[in-house]
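Engineer: Have a look at this one.
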Amino acid sequence: MCGIVGAVAQRNITPILVEGLKRLEYRGYDSCGVALHVNGKLERSRSTSRVADLEKQLAEVGLDGFTGIAHTRWATHGAPASHNAHPHFSPNSDNARIALVHNGIIENHDELRAELTALGYVFQSQTDTEVIAHLVDHMYQGDLFDTVQQAVKRLHGAYAIAVFCREEPHRVVAARQGSPLIVGLGQGENFVASDAMALAGTTDQIIYLEEGDVVDLQLGRTWIVDVNGRPAERAVKTVHAHTGAAELGPYRHYMQKEIFEQPRVIGDTLEGVTGVMPELFGDGAYQVFKQIDKVLILACGTSYYSGLTAKYWIESIAKVPVNVEIASEYRYRDSVPDPKTLVVTISQSGETADTLAALKHARSLGMEHTLTICNVATSAMVRECKLAYITRAGVEVGVASTKAFTTQLAALFLLTLTLAQVNGRLTDEEESNHLKAMRHLPSAITAVLALEPQIIAWADDFARKENALFLGRGMHYPIALEGALKLKEISYIHAEAYPAGELKHGPLALVTEEMPVVTIAPNDTLIEKLKSNMQEVRARGGQLYVFADADSRITSGDGVHVIRMPENYGQLSPILHVVSLQLLAYHSALARGTDVDKPRNLAKSVTVE
Ligand code: F6R
């Protein structure tokens with residue numbers, strides 16, 4: 001989702017801004033732009049294409065400068081069109097005094113637009129951002145830092161903004177409320193960006209701005225005030241941000257590469273786990289785990305499905321009651337808080353606005369025991385939670401999450417064992433068996449990846465369908481949900497998942513010869529019931545595509561296609577089964593020729609509500 005980079009320096013910053021935008025591309029965007037202070041004027045270049053095209057555009061017109069801002073936009077207000085792309089200018093492009101980029105949503109933009117229109121401002125876009133640019137211009141009285149502090153008081157909603165002004169050539173002012181923003185400190189130059197990764201290679205001295213902060217960036221100084229306008233000291237951290245995605249190597253897409261990285265990154269995530277130890281989740285984790293008597297998991301999308309899987313594990317192994325909530329619902333609904341709850345947020349990016357808001361909401365209800373399972377150690381989520389387990393999936397470039405999901409599951413299984421141990425429900429022998437199974441995961445996943453040729457053969461069938469059903473039971477039901485989400489996200493085939501027992505209560509009406517029904521069939525205690533559900537499908541002509549454990553005695557036949565999973569993996573089976581569903585989604589999308597790594601309308605890091 002939208003990315004911001006800004007710089008004030010004594011050298012040409014165009015390459016820094018462009019490189020920063022490239023590093024933010026993974027978040028998803030549909031247009032991009034750069035604005036610079038050039039010979040006493042504000043100049044900009046915008047594009048609805050990729051950052052690489054913007055870079056060419058900038059080189060063609062020779063746009064260089066020492067002070068400027070840049071942006072990747074993911075459309076919320078107004079179509080993905082050049083005139084809606086940031087930076088926005090005010091009062092207008094020919095005579096611009098203010099240039100501004102924004103991430104977030106301004107809820108009172110209609111009211112402000114009416115007010116500014118009455119003052120004579122002419123709007124050139126449908127964005128809520130242009131409203132802020134005109135507001136800053138209207139309030140400007142010679143000091144940009146002062147003006148921005150006053151202007152943000154008029155904004156309702158979420159924002160991270162970076163602004164500069166024609167009349168103050170060596171200054172960028174930025175502010176945040178509800179959207180991420182960091183400051184990067186250099187030698188006689190300073191930067192602002194949506195995350196530290198955008199500045200990798202430029203500076204590793206990072207300040208994480210807090211809610212309501214406004215920062216003044218000049219050549220040799222930065223000055224921060226807090227939400228009340230008081231000077232604020234913020235710690236400077238040395239951050240070794242990932243320097244971006246590695247090369248594709250032999251793979252056609254990042255998603256394929258990331259699916260195949262899973263054996264390694266699960267190994268990395270569990271590296272150093274020599275036993276079940278609460279301290280793996282942070283200092284003081286034992287005391288926290290000892291005090292809590294229930295778990296509340298908050299997450300969105302794929303991360304929510306890893307939470308749903310964890311519910312099955314935690315309730316069955318640790319015997320601790322678990323509630324899993326979609327963050328965007330939880331944050332607004334009335335619920336019954338209990339201070340003896342462990343609030344667990346799960347997030348690949350650590351910046352998802354809904355999950356951060358749900359966490360804040362839980363805390364405001366008096367639930368102070370917070371833990372995050374997160375892939376980005378420097379993210380807001382990790383900073384906001386008392387305890388953390390950092391998954392080590394590495395940078396995930398494909399918008400559809402794969403390796404981040406399975407590493408979350410690995411971390412959540414470890415959490416399950418830890419809660420079980422703290423509650424006296426894990427014998428030494430059980431601990432050793434579970435750990436052995438976890439250590440064997442990388443080779444078990446490698447065996448699933450070897451099924452790729454068989455899955456490609458199925459994908460050719462799927463590519464011609466417009467609908468699909470996914471069935472699972474027990475802890476494989478969330479895996480069915482994740483399989484359906486992966487398929488719809490990247491192939492645009494409409495897919496729904498159901499617990500198999502629910503089929504006869506409605507969705508069976510959809511089943512005809514045209515309906516492929518993907519069935520996850522581990523050899524567990526529900527296998528005979530699942531076989532009956534499969535009969536219900538076949539009786540209506542539905543085509544079954546079954547991922548069956550080697551020992552589940554389901555064989556291919558008329559309308560029943562079976563791929564045998566290499567082994568029955570017991571409690572950790574969801575981690576293996578989801579890998580085959582990721583491959584099915586990937587190859588179906590490939591056969592349909594979609595943009596696998598950047599599916600339409602989706603962003604990698606969802607930093608707006
Ligand atoms: C789907 C996907 C999304 C994310 C969701 C939450 O493939 O990646 O559903 O899981 O947007 O994002 P995070 O995990 O960053 O909080």
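Yeah, the Cβs are placed from backbone N, Cα and C, and that goes for glycine too.
Keep in mind that TrEMBL annotations are predicted by a computer and have not been checked by a curator.
Among the features that TrEMBL reports, active site, nucleophile is placed at C2. Marked as active site, for Fru-6P isomerization activity by TrEMBL: K604. Positions annotated as domain 'Glutamine amidotransferase type-2' by TrEMBL: 2-220. If you look up TrEMBL, you'll see 285-425, 458-599 marked as domain 'SIS'.
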Engineer: Count up the helix, strand and coil residues in the domain 'SIS' (458-599) according to DSSP, in that order.
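Structural biologist: Breakdown, helix to coil: 69 helix, 32 strand, 41 coil.
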Engineer: In sequence order, which residues at least six apart in the same chain have a CB under 8 Å from the CB of the residue listed as 'active site, nucleophile'?
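Structural biologist: Residues satisfying the criterion: R27, Y29, H71, T72, R73, W74, H86, H102, N103, G104, S194, T607, V608.
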Engineer: How does the domain 'SIS' (285-425) divide up by DSSP, counting helix, then strand, then coil residues?
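Structural biologist: For that range the per-state counts are 66 helix, 28 strand, 47 coil.
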Engineer: Among all protein chains shown, how many Cβ atoms are found within 10 Å of the Cβ of K604 (active site, for Fru-6P isomerization activity), not counting that one?
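Structural biologist: For K604 (active site, for Fru-6P isomerization activity), the count of other Cβ atoms within 10 Å is 23.
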